[in-house]
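**Q** Sending over a structure as structure tokens; questions will come in a sec.
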Amino acid sequence: MTDSASIHHDDEETRQLERTWASPPGFFAWFTHVNQTNIGMRFIVTGFIFFILGVILALLMRLQLAVPENDFMDPETYNQVFSMHGITMMFLFAIPVMEGFAVYIIPLMLGTRDMTFPRLNAFGYYIYLIAGVMMYAALLLRIAPDAGWFSYPPLAGASFSPGLGLDFYTTVVTFMEISALVAAIELIATIFKCKVPGMSLNRMPIFVWAVLVMSFMIVFALPPLVIASLMLALDRMAGMHFFTAASGDPILWQHLFWFFGHPEVYIIFIPALGMVSSIIITFTQRPIFGYIPIVLSIVAIGFIGFGLWVHHMFTAGLPQLGSNFFTASSAMIAIPSGVQIFCWIATLWGSKPKLATPLLHVLGFFLIFIIGGLSGVMVASVPFDMQAHDTYFVVAHFHYVLIGGAVFPLLGGLYYWYPKFTGRMMSERLGKVAFWVTFAGFNLTFFPMHKLGLEGMPRRVYTYLDGLGWNEANLFISISSAVFTLGLMLTLVNVLISLKRGNIAGDNPWNADTLEWATSSPPPSYNFRHIRTVDSRYPLWSGTGGLEQNPVVTGIRSDRREILLTSILESHPEARQPLPGPSPWPFWLAVATAITFAGLMAHLAIPLLGFVLCFIAITGWVWPKRLGVAK
Amino acid sequence: MTLHADIDASKLPDYSYDFRSPLWWGIVGLMTVEGTVVATLIASFFYLQGNHTAWPPAGTSPPELLLPTLSTVVLLVSMVPVYLTDKAFKRGDPKPLAWMPLISIALALVFLGIKAYEYASHVDFRWDTHAYGSVVWLMIGFHSAHVIAVIFKTLVIVYLARRRYFTPEKRIAVTVNGLYWYFVAAAWIPLYMTIYLGSRIWS
């Protein structure tokens with residue numbers, strides 16, 4: 001052992017690391033990149049581009065609804081627009097962007113050089129990109145799905161929705177979810193095996209815990225959706241009878257869809273909770289109050305989140321006892337959520353928090369999410385839900401929960417980690433203006449929808465009659481939605497101008513506590529020059545000299561991509577793991593997968609061809625570079 | 001700047017086995033995902049049964065037991081050579097890897113052959129006849145695709161073994177392929193019980 005021997009920065013080794021971990025330049029080489037920072041950033045940027053597209057669709061809807069009996073859009077177009085708005089925000093924005101943050105930040109927080117399966121990471125991205133482009137190509141051709149983001153049969157079945165729209169939905173949704181599944185498996189393996197020595201489970205940052213729970217939820221929640229959308233595809237294309245009224249059961253689709261759909265809300269929301277904890281710790285400059293209760297609450301939400309799905313189906317005519325059970329479990333989820341909020345308040349209490357933009361977004365999240373939670377308790381009760389079902393009250397509720405619970409923390413996280421991503425700070429002044437405009441615009445847009453819903457205005461209807469008393473509220477909402485959009489655009493402008501003009505950030509501009517701030521901004525392709533050990537939950541704050549005093553790990557090779565593996569619970573060093581480098585095969589496998597599923601639309605035999613192509617791509621992927629090296 | 005070193009990773013191995021390896025966790029993750037798919041299919045089977053007075057629906061005879069039971073035994077036996085190969089490799093004997101998995105592949109092909117014969121000539125319903133036909137054919141299709149996939153995967157392993165690719169340090173690839181073989185064979189048990197026993201008990 002070289003205990004307490006001193007080592008110096010070795011420039012030659014740094015250059016060696018740069019050569020080993022570099023992503024090759026050039027357009028075609030772009031499709032071979034596998035580094036986690038590259039892929040994570042692609043997920044984030046692509047996710048926000050789809051967010052912008054989803055916002056544009058929302059504005060088109062508000063334009064249509066601004067005045068009664070408007071003929072700006074015909075009903076068919078409106079149906080495609082609201083369906084694509086939901087599909088975009090849930091499938092193409094929320095899950096991928098949360099995964100993007102996780103993929104980018106988690107290895108940095110764990111102190112490792114990359115994730116365990118870098119090529120799988122790249123594969124997940126291409127699957128997502130191909131699926132998103134296909135959906136928007138369908139919208140431009142006016143053949144997008146038009147039965148809502150949850151596509152209930154029999155409306156979504158072959159007899160009531162002929163044509164390609166729902167075929168796009170069934171096939172693309174089926175394979176798009178592979179992207180989230182592979183990312184989840186990879187995040188679990190990385191969190192289990194790649195923590196730096198000393199980062200035992202009870203010292204993991206809360207954001208890492210949140211991503212771990214999110215990943216487990218994805219593993220159990222998404223397969224039912226994959227198989228359900230495949231069944232719907234087979235109903236439509238092969239004349240099968242899963243959800244037809246003739247022999248199958250449309251309610252089965254609702255069960256399978258919401259068994260995915262409700263955990264999905266928490267899949268989006270739980271990483272956002274992790275972001276909130278990170279931001280609160282940093283801006284109060286103190287350890288979190290109640291680390292263990294917060295972690296247990298996150299785990300509890302992960303479990304209870306699977307027991308709520310029927311509350312989306314109270315009006316489907318299910319047995320009374322079942323409804324009672326799901327009312328109780330829906331109310332129960334408020335307990336772990338409440339525990340976390342009280343722990344955050346206790347952390348903030350008496351501290352002198354720095355009211356920077358990330359923390360402002362967290363405070364905005366508190367208010368909005370609590371309102372959304374309260375209307376959630378209301379719709380959890382069956383008699384009230386019967387009244388409010390399919391009205392704008394529900395639209396108001398879930399936008400308060402989803403935008404409040406996920407988008408506001410996400411924007412806070414964007415302001416918080418932007419310096420790490422780019423090396424520059426976003427403008428605080430513009431950021432604060434953007435926050436207040438966004439916050440006001442959001443509430444002015446969605447709060448009046450509660451009232452419209454209670455007055456009976458149904459959702460998903462392309463227009464409404466004059467003289468129902470809804471005119472003023474609708475016009476007000478449409479104008480407010482422009483204010484909301486303006487706030488989001490200010491943040492976008494802030495992101496773009498800060499790329500060139502922002503102040504130089506330095507390694508740790510916020511004096512934060514977790515390991516991603518212990519490397520340069522943006523991080524080098526190998527993440528960390530030295531792999532450090534940690535001895536507390538707040539490694540950058542502990543001791544007198546902070547992390548600088550902690551021992552480092554030597555002996556990880558720099559002439560090939562290699563990471564350190566540690567044990568799951570205690571993070572004892574166990575082995576080194578060589579990693580694969582750039583490869584075009586993840587891209588080709590994604591193309592082959594898309595052919596397998598989307599080909600179903602054209603002819604039932606194309607999936608067989610796709611199966612063979614997938615096999616060729618997988619073999620190419622795993623094929624060793626050199627054969628016969630064994631002695 | 002002076003840094004202190006206390007862990008010398010160059011002394012650690014650059015390979016890992018079993019649950020110490022990320023690949024092991026990766027394959028467990030994949031099996032969990034596919035196991036959830038199997039559970040969803042079975043839940044759908046019994047959910048759809050609730051809508052029918054007879055299951056299989058009137059006009060469709062309950063499945064025969066002899067052929068599928070025989071093929072199930074064949075598939076379960078196919079796990080044995082995979083297990084023995086992995087065990088020999090753990091002892092440091094790589095020779096069985098070059099031929100023993102071929103026995104498993106042959107048994108899996110027998111399984112697929114019996115299935116093909118059974119569904120080509122022994123069942124009196126199609127996938128588009130009724131809900132029962134849909135869910136049974138989907139289960140069979142889903143599982144058969146996995147058997148074919150694991151056969152291909154094992155062929156690649158055997159080919160690489162014959163090219164002497166597998167040193168003892170690379171054992172994890174063999175272990176993981178074995179685990180997936182066990183999964184494909186074991187996932188058939190609940191599917192078999194659902195399709196063949198479930199249809200008879202409540203019919």
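The backbone N, Cα and C atoms fix where each Cβ goes, and this holds for glycine too.
Any TrEMBL annotation is an automated prediction that lacks curation.
The following feature annotations were taken from TrEMBL:
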DOMAIN    A:28-535  domain 'Cytochrome oxidase subunit I profile'
TRANSMEM  A:43-67  transmembrane segment
TRANSMEM  A:87-111  transmembrane segment
TRANSMEM  A:168-194  transmembrane segment
TRANSMEM  A:206-234  transmembrane segment
TRANSMEM  A:265-284  transmembrane segment
TRANSMEM  A:291-310  transmembrane segment
TRANSMEM  A:330-350  transmembrane segment
TRANSMEM  A:362-384  transmembrane segment
TRANSMEM  A:396-418  transmembrane segment
TRANSMEM  A:430-449  transmembrane segment
TRANSMEM  A:475-497  transmembrane segment
TRANSMEM  A:608-624  transmembrane segment
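Thinking about packing and proximity, how do these listed features fit into the structure?
**A** Within the same chain, residues 206, 209-210, 213-214, 216-217, 220-221, 255, 258-259, 261-263, 265-266, 269-270, 273-274, 277, 318, 322-323, 325-326, 329-330, 332-333, 335-337, 339-340, 343, 537 sit at least 6 positions outside the transmembrane segment (A:291-310) and bring their C-beta atoms closer than 8 Å to a C-beta of that stretch.
Under 8 Å from some Cβ of the transmembrane segment (A:330-350) lie the Cβ atoms of residues 273, 276-277, 280-281, 284, 286, 288-290, 293-294, 296-298, 300-301, 304-305, 308, 311, 366, 370, 373, 376-377, 380, all in the same chain and six or more residues away from its ends.
Proximity of distant same-chain residues to the transmembrane segment (A:430-449), defined by a Cβ-Cβ separation under 8 Å and at least 6 residues beyond the stretch ends, is recorded for 357, 360-361, 364, 368, 371, 392-393, 395-396, 399-400, 403-404, 411, 415, 473, 476-477, 480-488, 490-491, 493-494.
Sequence-distant contacts of the transmembrane segment (A:608-624) (same chain, at least 6 residues past either end, Cβ-Cβ under 8 Å): 119, 583, 585-586, 588-589, 591-593, 595-597, 599.
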**Q** Per-residue pLDDT averaged over the domain 'Cytochrome oxidase subunit I profile' (A:28-535) comes to what?
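**A** So the average pLDDT across the domain 'Cytochrome oxidase subunit I profile' (A:28-535) works out to 94.
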**Q** Restricting to CB pairs under 8 Å, which listed stretch, A:43-67, A:168-194, A:206-234, A:265-284, A:396-418, is in contact most with the transmembrane segment (A:475-497)?
**A** A:43-67
**Q** List, by number or range, the same-chain residues at least 6 past the transmembrane segment (A:168-194) whose CB is under 8 A from its CB atoms?
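**A** Cβ under 8 Å, 6 or more out: 83, 87, 91, 95-96, 99, 102-103, 106-107, 110, 112, 115-117, 120-121, 123-125, 127-128, 131-132, 134-135, 138, 143-145, 147, 151, 156, 204, 208, 211-212, 214-216, 218-219, 222-223, 225-226, 229-230, 232-233, 236, 563-566, 568, 577, 593-594, 596-598, 600-601.
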